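What follows is a set of notes on a single structure, which appears directly below.
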């Protein structure tokens with residue numbers, strides 16, 4: 001049968017098809033006629049975007065139906081990748097690109113093999129199979145590139161009992177990874193571990209190199225007593241997030257936990273409890289926030305004051 005494909009320029013293309021043709025097949029026919037690669041084509045019928053694996057009959061597209069062709073702009077959007085040397089790389093990507101795709105683009109530009117790349121966004125290490133949109137990475141977002149050094153190093157972890165544990169690590173290991181290694185050696189669950197270096201508590205998603213932890217550095221391990229507590233954070237959309245916290249956690253800590261779960265930068269968060277806005281340096285116990293209390297999260301619009 002014949003169908004028509006109308007482009008945004010108003011041009012109409014006529015195609016010979018069968019009901020059993022898939023959307024991929026149709027895109028190939030359009031490529032043959034117009035030279036537009038399938039991955040730049042979006043086909044719309046009855047207000048719906050058509051999926052590649054489905055057939056014309058799945059969408060009840062009959063003879064002399066008209067599809068609309070929208071071009072998927074090459075690159076979709078720009079993002080930035082900042083290396084530890086301070087160099088910033090600009091990449092053309094789409095929200096649907098996977099982290100693997102992004103690593104391949106970095107390899108094309110910089111020659112760094114994907115297996116030596118770790119990408120960090122909002123404090124989280126990004127997993128290869130996930131997409132940019134999974135992590136809410138939008139245009140002009142900045143990712144951080146950490147190199148996974150071949151050949152690792154030793155660091156020491158000192159417990160409050162005075163015992164010292166030796167670990168084999170890499171600069172690109174995240175704090176989560178280090179806690180897992182401690183669990184393997186000592187049997188202490190990661191959620192009961194707090195690691196301190198140079199007086200700072202280390203955050204799970206960050207890497208050793210982020211904290212300038214080098215070979216033979218000593219970290220201090222403090223046990224987080226069981227019996228933290230759960231609190232709830234309610235957003236303006238009505239979504240409720242559950243957090244594991246301790247009374248001694250500061251409001252900054254709580255905002256970091258929200259960032260880990262939701263990807264919202266702390267400087268865009270305002271937390272309200274009992275009608276009061278909570279200040280970063282204060283603790284939950286300062287505000288008498290107890291187990292199963294509900295905080296309200298209001299977003300601070302960029303550019304406000």
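Every residue gets a Cβ built from N, Cα and C, even glycine.
Small disclaimer: the values here were computed from a predicted structure and weren't measured.
Per Swiss-Prot, the feature ubiquitin cross-link maps to 6 (among others). Counting only same-chain residues six or more apart in sequence, the Cβ atoms lying under 8 angstroms from the Cβ of residue 6 (ubiquitin cross-link) belong to 12, 13, 66, 67, 68, 69.
The ubiquitin cross-link feature in Swiss-Prot is assigned to 11 (among others); the stated evidence is similarity to another entry. DSSP assigns residue 11 (ubiquitin cross-link) to coil in the three-state reduction, outside any helix or strand.
Residues or ranges marked as ubiquitin cross-link in Swiss-Prot: 27 (among others). Just so you know, the Cβ of residue 27 (ubiquitin cross-link) picks up 22 other Cβ atoms within 10 Å once every protein chain is counted.
Under a cutoff of 8 A between CB atoms, and with a sequence separation of 6+ in the same chain, the neighbours of residue 29 (ubiquitin cross-link) are 15, 16, 17. The ubiquitin cross-link feature in Swiss-Prot is assigned to 29 (among others).
Feature annotation from Swiss-Prot assigns ubiquitin cross-link to 33 (among others). Reduced to three states, the DSSP call for residue 33 (ubiquitin cross-link) is helix. The Cβ neighbour count for residue 33 (ubiquitin cross-link), using a 10 Å radius over every protein chain in view, is 12.
Residues or ranges marked as ubiquitin cross-link in Swiss-Prot (evidence: similarity to another entry): 48 (among others). Its Cβ placed at the centre, residue 48 (ubiquitin cross-link) has 9 other Cβ atoms within 10 Å. Under the DSSP three-state reduction, residue 48 (ubiquitin cross-link) is assigned to strand.
As annotated by Swiss-Prot, ubiquitin cross-link applies to 63 (among others), with the evidence given as similarity to another entry. Sequence-distant neighbours of residue 63 (ubiquitin cross-link) (same chain, 6+ residues apart, CB-CB distance under 8 A): 1, 2, 3.
If you look up Swiss-Prot, you'll see 1-76 marked as domain 'Ubiquitin-like 1'.
Under the heading domain 'Ubiquitin-like 2', Swiss-Prot lists 77-152, citing sequence analysis as support.
Per-residue pLDDT, averaged over the domain 'Ubiquitin-like 3' (153-228), rounds to 85. Residues or ranges marked as domain 'Ubiquitin-like 3' by Swiss-Prot: 153-228.
Feature annotation from Swiss-Prot assigns domain 'Ubiquitin-like 4' to 229-304; the stated evidence is sequence analysis.
Residue 63 (ubiquitin cross-link) carries neither a helix nor a strand DSSP state and counts as coil. DSSP assigns residue 27 (ubiquitin cross-link) to a helical segment in the three-state reduction. Here the domain 'Ubiquitin-like 4' (229-304) is broken down by DSSP into helix, strand and coil counts: 18 helix, 28 strand, 30 coil. For residue 48 (ubiquitin cross-link), the nearest neighbour among the recorded sites 11, 27, 33, judged by Cα separation, is 27.
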